[in-house]
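> For reference, the structure I am asking about is given below.
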Amino acid sequence: MTTTKPDDKAVDADINIRDIDYEQGNEAVEVDHDDGVEVDQAYLSAPRSTRFFRGTLFQMSMFGALSFVGPAMTDAISNLGGGGLSSPYLANLANSLNYAASCVITLFGGPLINKMGIKWACFIAAVSFPLDGSGYYVNAKFGVDWYLLFARVIGGFTGGFLYVGETTAMLSYPHVHERGRYLAIWSAMRNSGSVIGGVINFVNNYKLDSAGGIMWSTYLIFIGFECTGVFWALALSRTKKVRRSDGSKVPYSGDITWKKEFRALYLHIQNKRTWLVFIPAFYSFFYGGVYGTYLSLHFSVRARALSSLITPSAVIVMVMIYGMMLDNKKMTQRKKAWIALGLWAIPQAACLIWTGIEYGKFGSKDVALDYAIDKQRWAEAYLPYFIFFTTGYWTQLSLYWILGTFSSDVKSSSRTGGLFRAFETAGQAVSYAINSNSSDPKVPVYVLCALWAITMPCMVGLIRLVPEKPASVDDVVEAPIEAVAKMEQDTI
């Protein structure tokens, strides 16, 4: 171990893709040359409040808070089935447009986040949070359709910045042995928001035992929460100032030009693991439109309100346990990945079969199942929804965790995370699109079954690539640079 103060460095090969620039300032930095970890001694000797404010735990808590008042409020509305409206089809169309807009931003999210920074990307998203609740409120009270569609499209564009920003932080900020815990904290905080939303839904709508829309005043409370998002975004630190629990810096390759950013993104698009994660990411939240429509069409308002409370409550407990499993140091990275796959893939396959059986029982009848009227029939039909929605978060955490095993570099994580969220939002856009009309509701279930079948071999291929230790640089971009350097050396 030696104490050094490295100068700015740049590495550039014939393809001119990667520049490395560590801005050290006047800090004393201890470098472990065995693994490249840089320890900021000035941070370790700083006041406790400073260490907490710049630490990974606080940063991940702020991302959790942003999810709490943003996506979680939207989820709480969606968990009512059809956004709580009397018919699910307009809400499904609005959601489809929202995720299509997000897909456009997240596809190029790597270069965008790398240029503007995670903090300001999240701030842009937070400014638009209240649009979601207000869109549903205006539609429910005044019957105005266009504003809901407009609000969801704008929210989709700006929400794409949050998707890539929080994903980048989750993949790069924590140490690899802490990533499961921090992923669980983020997911739990997001679902805590959904729990509060569920309480609001249930208290306002528990008397409604028929089908239809929720009370329009419910949306006003959601808007109040959404307005606080800008404060949580401003509390975030710039990535270069973030420190892990042991004082080490987050791996951060230097700023490069827009041209090089898009070249680096192009290399990620070409990479094998990007295409292996495409179908799993597309599948990961596809169930939202399918089962949201299922809930809206076949359950009473108060049964849907109860669901928006109990489902996220169960998710909080489940993700915390799941995170502990992913951080288990007694198992190899690959073994944990295999176990994680089995924990969500098998129950979801069973639920797809179960849902098909339930649709056979529904037939052509319009039903509004209610727990107070027929508990057994309600439970039989509701359990596949509950199991699929709760294990769906395990699917997401598994994919985040697996992607984080490849590289911990912030710039690499933004490119990987952006593409992942683009694939994911594309799946959600398609899911809600095919659920936005009154055709046979069983068709989307068949599509979901096909996606599950295609996802499994992709997951097997992806898990086989999992390394035991993530690279501290962008390994996708670094590989061709090293190849060029080797070719030049061989020709000398």
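Glycine too: its Cβ is placed from the backbone N, Cα and C atoms.
Since we're looking at a predicted model, the values are computed, not measured.
Annotation comment: TrEMBL describes 52-73, 93-113, 120-138, 183-202, 214-235, 275-294, 306-325, 337-357, 382-403, 445-466 as transmembrane segment.
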> Under a Cβ pair cut-off of under 8 Å, which of the recorded stretches 52-73, 93-113, 214-235, 275-294 contacts the transmembrane segment (382-403) most often?
275-294
> Which residues of the same chain, at least 6 past either end of the transmembrane segment (52-73), have a Cβ under 8 Å from a Cβ in it?
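Hits for the transmembrane segment (52-73): 43, 46, 122, 125-126, 129, 132-133, 159, 162, 166, 169-170, 173-174, 178, 182, 185-186, 188-194, 197, 222, 225-226, 228-229, 232-233, 235-237, 241-245, 312.
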> Could you check whether the transmembrane segment (306-325) and the transmembrane segment (183-202) come into contact, where contact means at least 3 Cβ pairs under 8 Å with the two residues of each pair 6 or more apart in sequence?
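Stretch pair touches.
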> For the transmembrane segment (337-357), could you work out the same-chain residues 6 or more beyond its ends whose Cβ comes under 8 Å from its Cβ atoms?
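Long-range Cβ neighbours of the transmembrane segment (337-357): 287, 291, 294, 322, 325-326, 331, 383-385, 387-388, 391-392, 394-395, 397-398, 401-402, 405, 442, 445, 448-449, 452, 455-456, 459, 463, 466.
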> Contact between the transmembrane segment (445-466) and the transmembrane segment (120-138) is defined here as three or more C-beta pairs under 8 Å separated by at least 6 residues; is that satisfied?
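Touching, no - the transmembrane segment (120-138) and the transmembrane segment (445-466) miss the threshold of 3 or more Cβ pairs under 8 Å.
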